[in-house]
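Taken from Swiss-Prot, the feature FMN binding site covers Ser247, Glu267, Lys275, Arg295, and the record attributes it to similarity to another entry. According to Swiss-Prot, the substrate binding site annotation covers Arg295, on the basis of similarity to another entry.
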Amino acid sequence: MSASPLLDNQCDHLPTKMVDLTMVDKADELDRRVSDAFLEREASRGRRITQISTECSAGLACKRLADGRFPEISAGGKVAVLSAYIYIGKEILGRILESKPWARATVSGLVAIDLAPFCMDFSEAQLIQALFLLSGKRCAPIDLSHFVAISISKTAGFRTLPMPLYENGTMKCVTGFTITLEGAVPFDMVAYGRNLMLKGSAGSFPTIDLLYDYRPFFDQCSDSGRIGFFPEDVPKPKVAVIGAGISGLVVANELLHAGVDDVTIYEASDRVGGKLWSHAFRDAPSVVAEMGAMRFPPAAFCLFFFLERYGLSSMRPFPNPGTVDTYLVYQGVQYMWKAGQLPPKLFHRVYNGWRAFLKDGFYERDIVLASPVAITQALKSGDIRWAHDSWQIWLNRFGRESFSSGIERIFLGTHPPGGETWSFPHDWDLFKLMGIGSGGFGPVFESGFIEILRLVINGYEENQRMCPEGISELPRRIASEVVNGVSVSQRICHVQVRAIQKEKTKIKIRLKSGISELYDKVVVTSGLANIQLRHCLTCDTNIFQAPVNQAVDNSHMTGSSKLFLMTERKFWLDHILPSCVLMDGIAKAVYCLDYEPQDPNGKGLVLISYTWEDDSHKLLAVPDKKERLCLLRDAISRSFPAFAQHLFPACADYDQNVIQHDWLTDENAGGAFKLNRRGEDFYSEELFFQALDTANDTGVYLAGCSCSFTGGWVEGAIQTACNAVCAIIHNCGGILAKGNPLEHSWKRYNYRTRN
C-alpha cells in the first residue's frame with residue numbers, strides 16, 4: 001500500500017534551511033548556537049516523523065525522509081545520528097547556499113569530521129593534517145575558513161585517527177565521514193558559519209623548547225630603553241664580559257643601560273662580532289663575505305628587534321636552492337632546477353615526501369605525531385599547552401634517533417609521508433644533496449633528529465634573508481653606541497682570558513699577560529672549547545653544577561669551512577648561469593651573491609665552498625687558499641665547465657680577493673656551532689637554564705648561541721644574553737621590567753627520553 005500524500009510530500013520536500021551563524025565570532029557563543037541548531041533540527045524532525053508515521057498505513061516511516069537521504073526509522077526503530085562538520089572555503093559555501101536543491105552542490109568527496117569549529121584543543125593546522133590523513137586531499141587555510149554542521153547517520157562509513165593532545169598519553173580520536181551523493185550516505189545540513197579554530201598570529205611567537213617569547217619583552221622595554229634598573233641606595237656590581245660577539249655586546253649594552261657603569265669586555269681576537277663576521281674586500285668595500293652567520297630568517301625575532309633598533313632591517317632574500325635557478329649534480333649527471341618550480345623528476349619522491357611530512361606529520365602504529373606545520377601554528381596562535389605536549393611526544397618517540405635513523409623510520413615505514421616509500425641508498429643520497437631548504441644536510445645526518453626538527457618548527461628554514469650591509473655591521477653599531485658618555489667599544493680589552501676562578505665572594509679573572517682582576521659578576525660568552533680548555537671552568541663544581549660541566553665538556557661542536565671568491569664581474573648574470581649549485585663532490589654548495597644589485601657592472605661574489613663536518617675536515621688537509629680554490633674549481637669544472645671557467649679572482653689577486661676560514665681550527669672558536677647528537681638535547685637544557693638557576697647562583701653566567709637550544713643562530717645568543725643580564729640585575733638587588741624571563745613560569749620538557 002502506498003504512503004499518504006503528506007508522507008510523499010514530506011519525503012520530497014522536507015525543509016533543509018540551515019541556520020546562519022556567520023556573524024558569531026566567539027567560540028563559546030558558537031558552541032551554544034550550534035547546539036541549539038542541532039536540538040531544534042532534531043525536535044523538528046521528531047515532530048514530522050510522528051506525523052508521517054501516524055498517516056503511514058504500513059506504520060513504517062519512509063526511508064527517504066529528509067530529502068530522501070536521512071533514514072530516521074528503519075524496521076520500526078530510530079537510527080542513531082552523530083554531529084559532524086564539513087570544512088569548506090567561502091566560495092564553496094556560497095555555491096551550497098545558492099544551489100536548488102542544495103544536494104546538487106559540490107560536496108561529494110568532502111570529509112565531515114567530528115571536530116567542532118569552536119574546539120580550542122585543536123588548531124587550524126592540526127585540522128589540515130587530520131583532513132589530509134582522512135581524505136588524502138590537501139587543503140590551505142583559505143579552504144577551511146567556514147563550516148557546515150551536519151547530522152549524519154551512525155550507519156555511515158567512517159575512519160578514526162588517534163591524534164595526541166596531552167603528554168600523559170591522552171589522545172583525541174578524530175572520526176571522519178566521507179560524503180557522497182550516489183552512495184546514499186545519510187546526512188542533513190543544519191547550520192553554517194565561520195571556523196573559529198586557533199589560527200596563527202602575524203606577530204612573533206616563542207621557540208618550541210622555550211615557549212617564552214623574548215621579543216615582546218624587548219619591545220615592552222623599548223620605551224624606557226632598559227630591561228631593569230638599580231634603586232639609588234643599591235650598589236651596582238662590577239661586571240666582566242668574556243667575549244665581544246653579539247651575545248657579549250648585548251650583555252654589556254643592556255647592563256650599561258640598566259645603570260651598571262663598571263663593565264669590562266674581554267675579547268681575545270682583534271675584532272668584535274664573533275661569528276657575526278663580514279669580510280669587506282679592499283677594492284669593493286660594499287661586497288662582503290659572511291664568514292660566519294649569513295642566513296637570517298624573519299622568525300629570529302630577537303635578532304630583528306636589534307636590527308630594527310640599529311637601522312639594519314632592510315634585508316634581501318638569500319639565494320637558497322630552488323628559490324633561484326639551481327644546478328644539481330648527482331653521480332656526474334647534471335639537472336636544472338628552475339626557480340620557484342618543482343625540482344627535476346629524479347628528486348620528486350624525496351622533495352614531495354619531505355614537504356608532505358612538514359604538513360601531515362607522521363602516522364606510526366598507534367598515534368599520529370603532530371606535523372611540524374601544526375606545531376608552528378600552535379606556537380603562533382598561543383596554544384602553548386598543545387605545542388608543549390606535541391613536542392614532548394616527538395621527544396619521547398624520536399629523542400634517541402639521529403637525523404639519518406629518523407628519516408629512515410619515517411620514510412621507510414608503512415605510512416611514509418607523500419605515500420611513496422623511499423629507497424636506500426638512492427633516495428638517501430638525493431635527500432643528502434637536496435636538503436630541507438637551505439642546501440644539503442648530508443654531513444649532519446648523524447646529528448640528532450630533534451635538533452634538525454626544532455629548526456623547522458621554529459621557522460628558521462623559511463624565508464631566509466641576507467644583510468646587504470654585512471651582518472657584522474650590527475655588532476659594530478652596538479659597540480659604537482655611547483652610554484653615559486662612554487661607548488661600548490671603549491670598554492673592550494683585546495686580550496685573552498686564561499682562567500676564571502672563585503675567590504671568596506668575588507670572581508677572579510686571570511689574563512694571558514698574567515694580570516688578574518676581581519669582579520662581582522662574570523658573563524662568559526666565549527664558546528664551549530674556551531670554557532673548558534682556557535677558562536678551566538669545568539675542572540670542579542665551585543662555579544657550575546656537575547650537569548652543566550658535563551654539558552660544556554660533551555656538547556658537539558660542528559666543523560665548518562667557507563671559501564669566498566670576488567670575481568671581476570657578476571658572470572652568472574652576464575652568461576645566464578644558475579646562481580646556486582649543489583654537488584655531491586667536494587665543493588658541495590656554491591652560491592653567487594650580489595651585494596651591488598644597482599650596479600650591473602659591479603664585482604661578483606661567489607661562496608665557492610660551504611661545507612660542514614666531514615666535508616669540512618677533509619679540506620683542512622689543504623690549508624693554502626689558492627691551492628684549495630684550484631682544487632674546488634677543478635672539481636666543479638668536471639661537471640659544469642661553463643660555470644667553472646669564471647671562478648678566478650678579480651685582477652688575478654688571490655691574496656686580496658680570495659678569503660677562507662675553517663672554524664674548527666679557529667683558536668678562539670673551536671668549532672662553528674653546537675649541534676646536538678641524538679639523545680643529547682638535555683645538554684642544551686643545562687646550558688640554557690644555567691643563568692636562570694637562582695638557587696645555584698655563583699656569580700658566573702653562561703651566554704652565547706652554543707649555550708642555547710639553537711646553536712649557530714643569532715637568536716640563541718641574544719636570548720641567553722638576556723638571561724644573563726636579568727640574572728645579574730636580580731641577584732644584585734636591581735628591579736627588572738615585568739614579563740622578564742626570570743619571573744616566567746617555565747614549562748620544561750623531559751629530554752632524557754625513553755623511545
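Glycine is no exception: its Cβ is also placed from the backbone N, Cα and C atoms.
Close to Lys275 (FMN binding site) in the fold, though at least 6 residues off in sequence, lie Gly245, Gly292, Ala293, Trp663, Ala669, Ala672, Phe673, Cys705, each with a CB less than 8 Å from its CB.
In the structure shown, across all protein chains, Ser247 is the one of the binding-site residues Ser247, Arg295 with the greatest number of other Cβ atoms within 10 Å.
The Cβ neighbour count for Glu267 (FMN binding site), using a 10 Å radius and every protein chain shown, is 26.
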